[in-house]
Amino acid sequence: MEQYDVNIREYWRIFKKRKWIVLAATVLLGASSAAFAVFMGPSPRYTSVCSVQFNREIPVRGLYEQTITWSEETDIQSQMSLMRSYGVMQKVAESLGRIPSGLSDAELRETPDVARVVDALRAKVIITRDAQTSIIDISVTDSSPVFAQRMADTVARTYREMYAAEQERRTSAALRYLEDELARTREDLRTAEEEFNTFTRVNQLVSVDLQGEALLARGKEIDAAVRGNETAVAELGTLLDRLGAFVAKPAGFGSDLYSTQAEPQYEKTRTELVDLLVQRESLLEEFTTSHPQVVALNRRVVETARKMVVIVRSQLERLARQRETLGDERRDVEARINELMERKLTYNRLRRQVESFGAKVVMLEEKNREAALRQAERPEEVTIVKPAFLPSSPVNPPRVVPITSVGVFIGLIIGMIAALLMEAFDTSLGAISDVEDTLGAKVLGVIPDEGVREMRELLKDSGDGRKSRMRGSMHLVAHFVPKSMVAESFRALRINVQLFCKEKGLRTLAITSATPQEGKTVVSANLAVSMAQAGKRVLMVGADLRKPMVSEAFGVDIHPGLTDILLGNYAWRDAIKTVTDLMIGEMSIDEVMLTPGLDNLHLVTAGTMYSNPSELIESKLLSEFVEEVRSEYDIVIFDTAPVLSTADLSVLGPLVDGVLLVYRVGSISKELLKRSTVELSRVRSNLIGVVLNGMREGETPDFQDFRAFKYY
């Protein structure tokens, strides 16, 4: 058997596994130690607590608020310091009769022992804050519970009275300040309004924005006209060059003398030129260029072309003058825009000034009303929420913590030693190598137990607002929760089984367990689903005729099934259930389509319940059925009855290529598990491997860190 090094991680696993022993020893010795410490204790001292709530209200909220108060945190800390200040403690001493009352400060300073008495009272007081609330606890500790209660109440009342007087003074000062500031602001508002109205009237600024928009629109029109002028000048300049070339050599039909920018007079003259050119070409068909008529037409052509030159030059001169005019107008518009912008800036500045003073007047009037209302209401910002009660028990009870801690420590050590001893004498199967050595078969898969709880949480509802039995049953984890650790474990099992079957040429498997309730049907169903998801044509047969679970796992009708095939009532092909049967069963279409691959999975359920299943299992039709489905599918999985509960596997085991044994960790003893493998060997069944089901964290050193790999 493989041996494991005993290290800190192994010790931690053992302590977690035997935690109740460690806990019991620790609690027992800790309680015993505490009992001895109860009889030891100092002279009693009593503490009485009076709680006050401090609700800070600003005399005039919003106006110069930062000058009136600090932040809430700082303010509460300041008030806590004031509660223990010399002035408050002096008033408390007077109320308690510890020093004479009605004396002036100078007389009190001359009275002996005043400072000593006040300091002694301050030492008895502790001021604390209740978490992050505005409640302040005043704690007074004294050997007399009556005096502690009386002094705590006196400190709270004295502080409340002094704080109320100070707030009244500050509220009155704020109200006077507001009245003065309101008068000054109203005068400033009147002056600003007069200046604004005068400026608007003098500059005739009814609507500055409309004037500005009109000037901007005119500026855009001028810019467009300038661009059009420049385009026309450029095109006419090119036309003038072509006219010059034509005058120098009046050949062709003058087709390049057309221009969209030329005036109508130019176009009319060009039409005359074209007519002359057409006439010349007609004469040249009968006469030579020296013929008098041709020469005369040439002179007319040149004169017409020169006339066109004059027209173009005249138009260019007009365009130049137009451009100068547009430039002057553009500069005028820009000057007017600049002037308007200057006036607009002044206009906006004066308007903002009026609005600012107006808003300030409104704010000051509101704050003035608030201050007056506050002065009339006189809100109480310091409230006694819990008066001081007469303490019934001392605050310095016997010190049991050190002695109890020693007892707890000793109990912890004893519990750990007991846990190690129990682990040393524990003979149950732990590591995977123990299972393999005991059974003589490889462990092909490990299915964790944590995934069951995960599926309960993830699949409470079907997704459409109603309960889903198929999702909540937790049978088909590989289909409904494909990303869970349990589904990943089934895929790992599928890979190991496929590799083994490919190497050995196996196509039919029987999955069984030693005893019931070990999860063989869940393993069979999820292994079949995983193989179907991998593209394999899979047939799953419910061969457990005593407690059939395949139909319940997939939500299909149990009839017809294997018993009907073995009785000869149905051909096996007619008893097959496909993805269509899943859709019309308890699964919805959305649930069937949740993950791909169920169309590769066929089912044969147990069928009609029969009084003597062993008789059916021994039927020769079973061997014929196994041989026929072996050639039709890539893999055939039989969910069979437990080995030690029935003799069914003694008949079915030799018919299939291999048997996969499911073992729920810790459910049965080593002897029963080994007996199941002996029984399989006796009936000549080929045990190809073992699946460990329900593996928990800490059950074995191989998986003590199993929780850390739950998600990846």
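Here the Cβ of each residue, glycine as well, is placed from N, Cα and C on the backbone.
If you look up TrEMBL, you'll see 20-41 marked as transmembrane segment. If you look at the transmembrane segment (20-41), the same-chain residues 6 or more away from its ends with a CB under 8 A from one of its CBs are 396-400, 402-404, 406-408, 410-412, 414-416, 418-419, 422.
The coiled coil annotation in TrEMBL covers 316-367.
Helix, strand and coil residue tallies for the domain 'AAA' (519-650), in that order: 58 helix, 15 strand, 59 coil [DSSP]. As annotated by TrEMBL, domain 'AAA' applies to 519-650.
Averaged across the domain 'AAA' (519-650), the predicted model reaches a pLDDT of 92.
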